[in-house]
């Protein structure tokens, strides 16, 4: 219990220092972008910010904080800063400082709240409650993984990734909406209804990643080498960044399996695009396309993506950290109960 408390105290202290460092770095980035035109001079001025963002995950001790900061800052944040160097992307020095820092350091794309009601509102609190109720059950099930079949493990890993990401993004949405009075574009859009790989990766799953890869990788490569090359380049970069995320989380040397997973999907997505460009060619009905797409994603994920997690011991890390979190919550509950009894006795 004492070790878990000390570890969490250390993470909170690191979070405070990291927040201050990010605020200072983004304030500098905004000032530099306002003073320098897009191009090489602005890029040189912003490279130290990119280096800092890539180093920040090393400030944390737990895989949860390292993975979250890696995704928020080392991947999305650094790509946004690089796009800012080119004068494109979601960041603009004309934004208010608070909005600039939040847009740069959180996995959101902010836009002014529309006066009209959204046709598909994001139910943040409901999603938080749902995912928060499911994740403990998924974590508890890890204790029985030795007796599970391969397909049961695949389902468990899939549920863990989906609901963890949904919980994280729904929480961010709720905080951003309440603090800034702005809306966050949806991050997932019913990925289980995807009818093709292009539909799954480009329009339904973790939408902040394709929205940052399109201007930074896909469009520049497509302009020079064509659409297929742009698709392959985007999937290659995505694979390499996922390898980096796994390194941050597990401290293990990348195996290349995750990159191979995304390259395979990139080749297949490029082939889909080539086939779709021929009008009149046969296409599977949606009733068949959806299960085929999900089966391909799940099958190749179990072949190449999830083994990298298991070999690095990610499931064990998450289980231990969640058990430590449960201990802290129990300790906090006892302290709260004791404080309540103390107040009641003095009244």
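Each Cβ is built from the backbone N, Cα and C atoms, and glycine gets one as well.
Note that the structure is a prediction, hence the values are computed from the model and not measured.
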_Matching range for TrEMBL feature annotation, transmembrane segment, among 258-276, 315-333_ = 258-276
*Going through 12-31, 154-176, 288-310 one by one, which has the most CB pairs that fall under 8 Å from the transmembrane segment (43-60)?*
12-31
*Folded-back contacts onto the transmembrane segment (225-246), same chain, C-beta under 8 angstroms, at least six residues removed*: 67, 70-71, 74-75, 201, 209-210, 213-214, 217-219, 252, 254, 256, 258-263, 265-267, 269-270, 273-274, 308-309, 312, 314
*Could you count the residues of the domain 'Wax synthase' (185-263) that DSSP puts in helix, in strand and in coil?*
60 helix, 0 strand, 19 coil
*asked:* Counting CB pairs under 8 Å, which listed stretch among 12-31, 72-91, 154-176 touches the transmembrane segment (124-142) the most?
replied: 154-176
*Which stretch from 12-31, 72-91, 258-276, 288-310 shares the most C-beta pairs under 8 Å with the transmembrane segment (154-176)?*
288-310
